[in-house]
Amino acid sequence: MVRTNREILTGGKKYKDKAQSKHRVEEVVFDRDSRKEYLTGFHKRKLERKKKAQNFIKEQERLERIRERKEAREERKKDLETQLKSFNDTMKRINDINDLSDDENNNEEWGGFDEAKGDDDEDDDDEENPKDTLVTKQVYVREDDGPTDAIIDDETTVEVEPMENPVIKQMQEIQQLAKANNVDLKRSEEVLEDSIKKAKQVAVISGVAKPKPKSKKKFRYLTKSERRANNRKIKEKKFKK
């Protein structure tokens with residue numbers, strides 16, 4: 001049996017209605033509280049997004065500070081290692097120079113005493129020896145001729161010789177030792193101050209000590225006459241230019 005066009009179209013309409021009825025929702029139920037919160041919570045959600053963005057920015061800044069501190073520590077560590085390396089190299093060179101000077105002194109052949117030089121050394125010893133130059137003689141003469149039972153000469157001579165000063169002796173030994181090692185004692189204080197300064201800088205760089213804070217200049221308000229004088233000076237400088 002041949003189906004007419006109307007029957008075919010009517011059958012398609014029935015199939016479509018049947019398919020829709022199969023997946024049809026029976027009833028749409030809204031939660032009033034949730035619906036009300038959504039419709040009235042636009043500002044609240046906006047503030048939450050803003051706060052979340054601020055927290056994200058703060059966290060990124062914190063991580064950036066941590067990274068910068070880490071880089072600064074590594075840089076300070078490298079600088080400290082460089083300074084220590086240069087210091088060790090300098091000390092090594094100084095020790096090598098001292099060793100060479102000691103070897104040269106030991107390798108020198110002794111050719112006896114020079115008579116002229118020996119005489120000069122004796123003269124220098126006579127001039128520099130405080131024990132010889134400070135010998136004094138004092139003569140005491142009796143003036144009172146009164147009766148006495150004590151036996152006293154009319155004239156008494158006393159020689160005064162000072163005791164050897166241990167400080168001078170120690171300084172002479174230090175000077176001789178420095179001269180043997182080719183060390184200039186005149187620069188000892190300068191070298192000591194330089195070493196102390198470098199040690200303080202290394203302590204500050206390594207974080208052991210804190211840098212000395214610079215004193216701030218006290219601020220003081222100027223009086224009317226002082227401001228007028230300063231303005232006059234500024235104007236005079238401008239005119240001179």
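Yeah, the Cβs are placed from backbone N, Cα and C, and that goes for glycine too.
Curation does not apply to TrEMBL; its annotations are automatic.
Since this is a predicted model, take the numbers as computed values, not measurements.
Listed as Cβ neighbours of the compositional bias 'Basic and acidic residues' (67-82) (distance under 8 Å, sequence separation of 6 or more from its ends, same chain) are residues 202, 205-207. What TrEMBL records for 67-82 is compositional bias 'Basic and acidic residues'.
Taken from TrEMBL, the feature compositional bias 'Acidic residues' applies to 117-129.
Here TrEMBL flags 211-221 (among others) as compositional bias 'Basic residues'. Sequence-remote contacts of a segment are chain residues at least 6 beyond its ends whose Cβ falls under 8 Å from one of its Cβ atoms, and for the compositional bias 'Basic residues' (211-221) they are 204.
Counting same-chain residues at least six beyond the ends of the compositional bias 'Basic residues' (230-241), those with a Cβ under 8 angstroms from any Cβ of the stretch are 222. Residues annotated as compositional bias 'Basic residues' in TrEMBL: 230-241 (among others).
Here TrEMBL flags 67-149 (among others) as region 'Disordered'.
Counting residue by residue with DSSP, the region 'Disordered' (209-241) contains 17 helix, 0 strand, 16 coil. Look at TrEMBL and you will find 209-241 (among others) tagged as region 'Disordered'.
Here the compositional bias 'Basic and acidic residues' (67-82) is broken down by DSSP into helix, strand and coil counts: 16 helix, 0 strand, 0 coil.
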